[in-house]
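A.B. asks: Structure incoming, see below.
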Amino acid sequence: MQGFKIARHFELPTAPSQFFAGSSLNRLSFLRSNREFLNKAFYDHTTRFLPFCDLNPALLVKDDKLVTLSYPQISKYFTFSPFEHTDKQIAERFSKGESLPVLVYMGNEERNGPTDNWSQHNVFAIDITGIDELQQSIRDNGGTFVNLRSIFTEQYQLSASDSGACAFARSILDWISRYRFCPGCGKRNIPTMGGTKLVCSDVLLNDDSNCPSKKGINNYQYPRTDPCVIMVILSHDMQHILLGRALRHPKGLYACLAGFLEPGESLEEAVVRETYEESGVDVEKVLYYASQPWPFPQSLMLACFGIARKNAKIQRDKDLELEDVRFFSREEVLRSLEWDAKDGPAPILFPPKLSIARNLIQAFAYDDWTNSQVKM
């Protein structure tokens, strides 16, 4: 990236708040190992439990609100409190055939503002997959289990706080379901720390266990987040935008280029590499814009703007993941963004309004991604 000088300091505006990133809960991560606190929260009459079935949250469709349950509504499914026992005691009971619904401590609502008293108004997620009776009760009371992708596409009007809570809960529940058994030795894992850590039952039950997880911190013992870059690449004169069309996209839909970061790679390097591999376009400047949690299953979208080198040309002879890649003018993008649906399909279709991809495209179209200009 040599030969590039910034004439003036970039003043990136505050990016709009992203869907899935608006939870108002105080996660209280420092209390996740406090069994006494979690046990009191579990039984407290003000605690809310958010039910999930097959990773889908329960929604009161008429109100666009999440279904919440109280302890009396779930108590019959808990033969014992998961927080009144040590991890070893729970492993012993599970080894004898007992089981419990998976719980994830999500945080405190802090309804009256920041506080040091978190004894009330706590929130858990509860996985009720397989508990048909409770699922039916929720449906009988106006609830329905909704695929989170449907919520994302604006079919429902979920609040920012609820969307953030759903993203957190779904990601953790998905992680727990994928790692029911220890990758190190194959024995059953036991959720602990409010559902945010997994401990191998063999380690808990056998002092002479040879499980690799006993020998240090492993990436399967804690939830992971996979970083992805998603970028709007601008032409050198910053008047055109590079978008691609994936084979799986509906006809006419163009979106930002994107891809996972690889080990030993910086954010900027990933933007340059992914753009080159998918389009052949060389990028000489990368600017971070915003991020969006993406709970499918546990990704974090890192949105960036990139500036293409002068006279950069599209060459699609490397990664053929995309069906088409092209530069669009600001006028073309604006025309499609402001298209009246009554006139039929827009010339260019874009990702849903709640996506960070759409926010990036709009930031370019309305020229509000920077308050100054760059000279090459």
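Cβ coordinates come from backbone N, Cα and C, glycine included.
Source: prediction; values computed, not measured.
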A.B. asks: To which of E262, E265, E284, E321 does Swiss-Prot also attribute binding of Mg(2+) 3 at the site defined by E274, E278?
C.D. replies: E321
A.B. asks: Which of A258, A303, A341, A346 does Swiss-Prot put in the same Mg(2+) 1 site as E278, E321?
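C.D. replies: The record-listed residue among the candidates is A258.
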A.B. asks: Scan 105-126, 259-280 against Swiss-Prot and say which stretch is down as motif 'Nudix box'.
C.D. replies: 259-280
A.B. asks: Give me the long-range Cβ neighbours of C200 (Zn(2+) binding site): same chain, 6+ apart, Cβ under 8 Å, in sequence order.
C.D. replies: C182, G184, C185, K187, R188, N189, I190, S209, C211, S213, K214
A.B. asks: As a test of reading the model: what is the averaged pLDDT for the motif 'Nudix box' (259-280)?
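C.D. replies: Its mean pLDDT is 97.
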A.B. asks: Have a look at the binding-site residues (C182, C185, C211, A258) and report the one with the fewest Cβ neighbours inside 10 Å.
C.D. replies: C185
A.B. asks: Could you say which of the binding-site residues E278, E321 has its Cβ with the most other Cβ atoms inside 10 Å?
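C.D. replies: Compared across E278, E321, the most Cβ atoms within 10 Å surround E278.
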A.B. asks: So, in DSSP terms, is E274 (substrate binding site) helix, strand, or coil?
C.D. replies: helix
